Protein chains: 2
Amino acid sequence: MKKHNFSAGPSILTQEVLQKASEAVLNFNNDNLSILEISHRSPAFVAVMEKARSLVLELLDLENKGYSVLFLQGGASLQFLMTPYNLMKENGKAAYLDTGAWSSKAIKEAKLFGEVEVVASSKDKNYNYIPKNYTIPSAVDYIHCTSNNTIYGTQIKEFPKSDNVLVCDMSSDIFSRQLDFTQFDVIYAGAQKNMGPAGTTLAVVKESILGKTGRTIPSMLDYQVHISKDSMFNTPPVFAVYTSMLTLQWLKEKGGIAAIEKINNAKAELLYSEIDNNPLFKGVAEKEDRSNMNVTFVLTDDSLKDKFDSMCKEADISGINGHRSVGGYRASIYNALPLESVQVLVNVMKALK
Amino acid sequence: MKKHNFSAGPSILTQEVLQKASEAVLNFNNDNLSILEISHRSPAFVAVMEKARSLVLELLDLENKGYSVLFLQGGASLQFLMTPYNLMKENGKAAYLDTGAWSSKAIKEAKLFGEVEVVASSKDKNYNYIPKNYTIPSAVDYIHCTSNNTIYGTQIKEFPKSDNVLVCDMSSDIFSRQLDFTQFDVIYAGAQKNMGPAGTTLAVVKESILGKTGRTIPSMLDYQVHISKDSMFNTPPVFAVYTSMLTLQWLKEKGGIAAIEKINNAKAELLYSEIDNNPLFKGVAEKEDRSNMNVTFVLTDDSLKDKFDSMCKEADISGINGHRSVGGYRASIYNALPLESVQVLVNVMKALK
């Protein structure tokens, strides 16, 4: 009996993906070898890598539009460093939107490379909203934003409009909603929310923006090096890429982003409407900026905490504790979480007295 | 029926490790959740990370000697960059021993940070030996060497002796032989030979050598940042760390490095003695520098190639093609490869006519 897994990340993967991944650890491709013990240069794994890369472009509707897909290591945290290294000119400048702890970390690393202008921040209200009506300076090398803020439960609905290069950390909502992905020049995302297990990081890079900084970039941090080697400059994280490929395949079979978005919207509506209608609960994020991936809420009466926690536990609900900097609860309702799990949580909320 | 897996890397893991890893993908820790979908901050995974870190110190006999163990991402290739970043002073200098393609890559990255003196190289003979009797300049920030050279089948038996900081890339022979590991200040190794699947990189760092360069180091490249967070600065590659922990546990139960070294020596002796006694085969590496992990050899009569290849295939021998830069054959006989597999290969060699 599986739990209802609302973990913020690493987070739920579908059962059929887990089943196939588990089998591949014993016998991959019916070749009597584990996927953990074969060469990454073997035709069977090269095919996995190529399939994963092409599925990303297909799902994001970015085929034949000048984008390259990379499966890297180091998490979004290494991308915080790779983006300025690859995009900020010597003595250059970048604009950052500060919507939470992860944006702040990205800003900190970028400052090692040049001037960083924070164009807007929602820090004044512990990041419970998305800043709007900010002005973007015209002469910047790029603009950086974080599409979804896991900790606070906020999500950008309208992205910065400008002629500048636009970089987006989509770690916690990639593949969850339809967007015009051509508005972005770099999209990066740690796999461990909507794509796969921890251990690989997706980078989708528009090739024409590269090679313009005048910097000498160390090989492992250079998008162009990884692109020139088809994402196999060095040994890739084989199992994480394979499991991501399985998840991307599952998403495609389900009807792609358009189909999963409908389900994601239904899950979010069900849960937010309970939060709004049940006097025992209150949402944390501003309504217009609410995330469809991470739903943050608190009890209006703290004395009910132990009761609610034990009711959740009894219902096999797992991973809904809020982040320590926000408190309360956070239900992460990523692509792989079924509507039924949200219904179970809502039923518990309704039953609380 | 499993194959005899001589793959150079990612490479063979023991069947019991694969079995446990496969089970954990479905149900980890009897908690009805996959190890791929739980928080890396959960007590169950924090215990895995701590166990893996302490097993490394125990197996290397480095407990309570000022070393920290990190499970990072990015492979040895990222360490090529992290070592100079953390150890080479501004306008500093480092000494490198060039024993193959991987040493050369390390040298290339280090040159971005300061002066690199290549104290010796075996490039003149396509790296088929280990240089000796070289002089190490006294005023260097560190010396870098590669203990085992997978492609060429050579292995350092005597490490550079000096008062300088000593850094060693042990990707392909860590945990395979007894050494006084206190002679090293940094040991790093991609997991995918003797420790686990591709996707994590071990770094064992003597803390007292850090913080002396005067450089500002990006967080993800700073050993001190990772040490201060107990190797959890950002989401670690959970599954790769877990499988590495299982392999380290297996090695400890087998009797540790002392016990596996005996088996490794027996495997190497069996195979090298066939190479030396069978007129149809010839070793590639100089005898005194032969690796006990990667055994490189060629046929003395190329016309037998198709026959030998098909005999190997029939015997379920996998992964013995030599690297393209050397040609011939390479049998990788890492810790997890049983003596029986070497015997099967030797039998095929004996049967070749």
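The backbone N, Cα and C atoms fix where each Cβ goes, glycine too.
Any TrEMBL annotation is an automated prediction that lacks curation.
Matching A:T135, A:T150, A:T213 to the pyridoxal 5'-phosphate binding residues that TrEMBL gives (A:A76, A:S77, A:W102, A:D169, A:Q192, A:N234, A:T235) identifies A:T150. When Cβ neighbours within 10 Å are tallied across all protein chains shown, the highest count among the recorded positions A:R41, A:K193 belongs to A:K193. In this entry, A:S77 stand out among the recorded positions A:R41, A:S77, A:T150, A:D169, A:K193 as having a C-beta under 8 A from a C-beta of chain B. Less than 8 angstroms from the CB of A:D169 (pyridoxal 5'-phosphate binding site) sit A:A76, A:Q79, A:W102, A:S103, A:A106, A:H144, A:C145, A:T146, A:S147, A:Y188, A:A189, each of them six or more residues away in the same chain. Of all Cβ atoms in the shown protein chains, 32 besides its own fall within 10 Å of the Cβ of A:Q192 (pyridoxal 5'-phosphate binding site).
The shortest Cα-Cα distance between A:K193 (N6-(pyridoxal phosphate)lysine) and any of the binding-site residues A:R41, A:S77, A:T235 is the one to A:S77. Comparing Cβ neighbour counts within 10 Å across the binding-site residues A:T150, A:N234, A:T235, the minimum falls on A:N234.
Within the same chain, residues at least 6 positions away in sequence whose Cβ sits under 8 Å from that of A:S77 (pyridoxal 5'-phosphate binding site) are A:K105. In this structure the C-alpha atoms belonging to A:N234 (pyridoxal 5'-phosphate binding site) and A:R41 (L-glutamate binding site) are separated by 10 Å.
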